[in-house]
């Protein structure tokens, strides 16, 4: 065997040993770390303190499930799909988040803003006009709406959109893009959600009044929706309106009592489930649907649907919308997760939250769900009733499962106006965000501008285009802030280590011969010239003139060959009175505004 063969075999054996050692060294640790990262439940479930946490989680889970059930039915209306799909979306994603999520307190599932965004896409892709058909028994009759075919198509659109949202969130999480949430500033999100709340209320007016109108999407959809409702105001169903207003008043009173006595009540009063049960009983007992033409939820199939592949041919037309839903859904979830984590002293991983929400959406979409995120109202219920871990969320999802597989038919007579009342009352917290305007006016005009642009753009252009406009404007404000930074001369406050702007604080005094210049922005090519000009203006020092003085000094020194000292005088103009010193040169300002330099060699 040749030397080259021996060398090859030796190298092969060395490589095998190296691979074996590296695999043996890294496999167990890395596999364990990867498993714990992907499945955070493995980090806390083995050490779960049953005696301390279980009772609190059970109470919290039951309380959250009681709220989750009516919200699932109601938010399906916003997503423009049959109510049972809201129940599916309140079960599968919540179950999955228990294993993949890092927050212990948020309640994932259906949410008004996301449901409304999905509904806008669904109505755009499957409008009523596509499903009008002529009756088979006569050619002279007008076309009728094929509701069953329309709903089936809308479910397909919502499912495909959810699949794509899940893929985007998973990819972003794997690429460590959790930081993108920082670009959705708090004023932007609050202005956007306030506009979304208006869209939701406008979309529920027809259910509250019992009138039939077309559902609009896209720019000015809110204006068109209000106009359509007002044009049909004379056809209002009085029974529907009275029932809806009664539910509104009752829920508002219950919400007020829960907030006022939240420290005294062991669990919040479940106003939503009371409304659902009572209105369903009244509707069934009085035959409101048959005798008074009150719109009801209708057929709720019993049991779960088998998994099915989404209709991927719809993907190309949904890409832009899916990015908007994915980003908004993640931003809502991570913001609430961080609030609860800070309050209870633990941390959440933004990238893992992206992956968790992505898996919840992607896997659940094969079981006919629509996109989900964290719900503010349910999260507050889950946390305030003593929830310690996501065991509470797991129990809430099991309550929804019980309804789906066993007693879903009980809610078939539920009036839609009651669901509309539940949606509207749950949005009261978002309307309180108008209080941001006076506080932002006092603190930051730029933040106020972001809030107003996000609100107006989202209200008039729709949630998808409004979000794009709001983000673009927020980025422009970042450029403006870096190009126009706030600058000041700082002075020392005696007997402290503090330095403040001498123009704003009388106690701040400058050191003689020293200028402390402060700028609240980093320096880069776009603001470098402005920075230099502001520095000259604030300090009163022009480097060009100082350099001219130094050049004059150098020339004088070169001309002087003797060792004896002789006073020389050089003049240079400065922008304001100035007193300092240069090496070998004592500077002072004369009455004409020129610098006298007495130079000694």
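In case you wondered, yes, glycine gets a Cβ from its N, Cα and C as well.
Between the stretches 73-99, 127-153, 181-207, TrEMBL puts its transmembrane segment entry on 73-99. Among the ranges 210-227, 300-317, 354-371, the one that TrEMBL lists as transmembrane segment is 354-371. In TrEMBL, the transmembrane segment annotation falls on 229-253 of the listed ranges 29-53, 229-253, 504-528. Remark: the transmembrane segment (323-342) makes no contact with the transmembrane segment (265-286), by the rule of 3 or more CB pairs under 8 A.
Counting Cβ pairs under 8 Å that are 6 or more residues apart, the transmembrane segment (265-286) and the transmembrane segment (229-253) reach 3 or more and are in contact.
The stretches the transmembrane segment (106-123) and the transmembrane segment (229-253) are not in mutual contact, being linked by fewer than three Cβ pairs under 8 Å (pairs 6 or more apart in sequence). Counting Cβ pairs under 8 Å to the transmembrane segment (418-434), the stretch among 229-253, 354-371, 391-411 with the most such contacts is 229-253. Residues 113, 116-117, 120-121, 183-185, 187-192, 194-196, 198-199, 217-223, 320-321, 324, 327-328, 446, 526 of the same chain sit 6 or more residues outside the transmembrane segment (454-480) yet have a Cβ under 8 Å from a Cβ within it. The transmembrane segment (155-175) shares the most Cβ pairs under 8 Å with 354-371, out of the stretches 73-99, 229-253, 354-371, 391-411.
Sequence-distant contacts of the transmembrane segment (73-99), counting only residues of its own chain at least 6 positions beyond either end whose CB sits under 8 Å from a CB of the stretch, comprise 39, 41, 107-112, 115-116, 118-119, 122-123, 151, 154-155, 158, 200, 203-204, 207, 215, 276, 297-298, 300-301, 304-305, 356-357, 359-361, 363-364, 367-370, 372, 390-391, 393-394, 396-397, 400-401, 403-404, 408, 411, 414, 416, 419-420, 422-423. A Cβ distance under 8 Å defines the sequence-distant neighbours of the transmembrane segment (354-371), meaning residues of its chain 6+ beyond its ends; these are 38, 76, 79, 81, 85-86, 88-89, 92-93, 96-97, 100-102, 108, 110, 114-115, 118, 155, 158-163, 165-174, 177-178, 304-305, 307-310, 325-326, 329-330, 333. Here the transmembrane segment (229-253) has long-range neighbours at 202, 205-213, 271-272, 274-275, 279, 282, 288, 292-295, 415, 417-418, 420-422, 424-425, 428, meaning same-chain residues at least 6 beyond its ends whose C-beta is under 8 angstroms from one of its own.
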